[in-house]
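Q: Take this structure, written in structure tokens, and hold onto it; I'll ask about it next.
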Amino acid sequence: MENRWQVMIVWQVDRMRIKTWNSLVKHHMYVSRKARNWFYRHHYESNNPKISSEVHIPLGEAKLVITTYWGLTTGERAWHLGHGVSIEWRQRSYRTQIDPDLADQLIHLYYFDCFAESAIRKAILGQIVSPRCEYPTGHNKVGSLQYLALSTLIKSKPRRPPLPSVRKLAEDRWNNSQKTRDHKGNHIMNGH
């Protein structure tokens, strides 16, 4: 029997980012209970030896499955370790892969309170509005002028620990240049 290949998009990430993602997911599943409907599958519960974990996020009738991998073929650079993540949207027998931004938007649609566009009308009418968006990574566009004014008026506090963001998990850190802080100009010219 011949080999059957299946091609899928796997976002290359480092091991520590996957570890942080898994611990944030578990924290919000079991401690804060904001993601209590999510399901975490360990590596030993999978038939595929390359899968290190799976997070199943119900979205109505569909679900989002974020799968992390280990032991993959390394990338073009030495620090491209063999870890990755795939993001899949499933509904019954239909499956498709999506990008991290869309995954964050879908999570935002179904979970976590938001200071939404409707808050503008509610605030004008004198009704109580949700004070802040709990999941700002789910927004990918700039809001209206009124929305921006209200969101700057109501400052959001940084959440500890932060909510798990798929965009942050799959962020491309490999091809970004290193940024140094507090080094103005050439260090040779500064006398160091």
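Placed from the backbone N, Cα and C atoms, the Cβ positions cover glycine too.
Among the features that Swiss-Prot reports, region 'Interaction with host APOBEC3G' is placed at 40-44. Per Swiss-Prot, region 'Interaction with host APOBEC3F and APOBEC3G' is recorded for 54-72. Annotated phosphothreonine per Swiss-Prot: Thr96, in sequence order. What Swiss-Prot lists as Zn(2+) binding site is His108, Cys114, Cys133, His139. For 108-139, the entry in Swiss-Prot reads motif 'HCCH motif'. The feature phosphoserine is assigned by Swiss-Prot to Ser144, Ser165, with sequence analysis given as support. Here Swiss-Prot flags 144-153 as motif 'BC-box-like motif', drawing on sequence analysis. Residues or ranges marked as region 'SOCS box-like' in Swiss-Prot (evidence: sequence analysis): 151-180. The region 'Multimerization' annotation in Swiss-Prot covers 151-164, and the record cites sequence analysis as its basis. Among the features that Swiss-Prot reports, compositional bias 'Basic and acidic residues' is placed at 168-185.
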Q: Using a 10 Å cut-off, grab the number of neighbouring Cβ atoms around the Cβ of His108 (Zn(2+) binding site), all chains included.
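A: The answer is 21 other Cβ atoms.
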Q: Tell me, how many other CB atoms lie within 10 A of the CB of Ser165 (phosphoserine), whichever protein chain they belong to?
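A: Its Cβ shell of radius 10 Å holds 20 other Cβ atoms.
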Q: When DSSP is mapped onto helix/strand/coil, what comes out for His108 (Zn(2+) binding site)?
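A: For His108 (Zn(2+) binding site) - judged by DSSP and reduced to three states - the answer is helix.
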Q: Write out the long-range same-chain contacts of Thr96 (phosphothreonine), meaning residues 6 or more apart in sequence whose Cβ is under 8 Å from its Cβ.
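A: Listed in sequence order, they are Glu88, Trp89.
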Q: Restricting to the region 'Multimerization' (151-164), what is the model's mean pLDDT?
A: 62
Q: Between Ser165 (phosphoserine) and His108 (Zn(2+) binding site), what is the CA-CA distance rounded to a whole number of Å?
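A: The separation of the Cα atoms works out to 10 Å.
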Q: Under a three-state reduction of DSSP output, how is Ser165 (phosphoserine) classified: helix, strand, or coil?
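A: SS state of Ser165 (phosphoserine) = coil.
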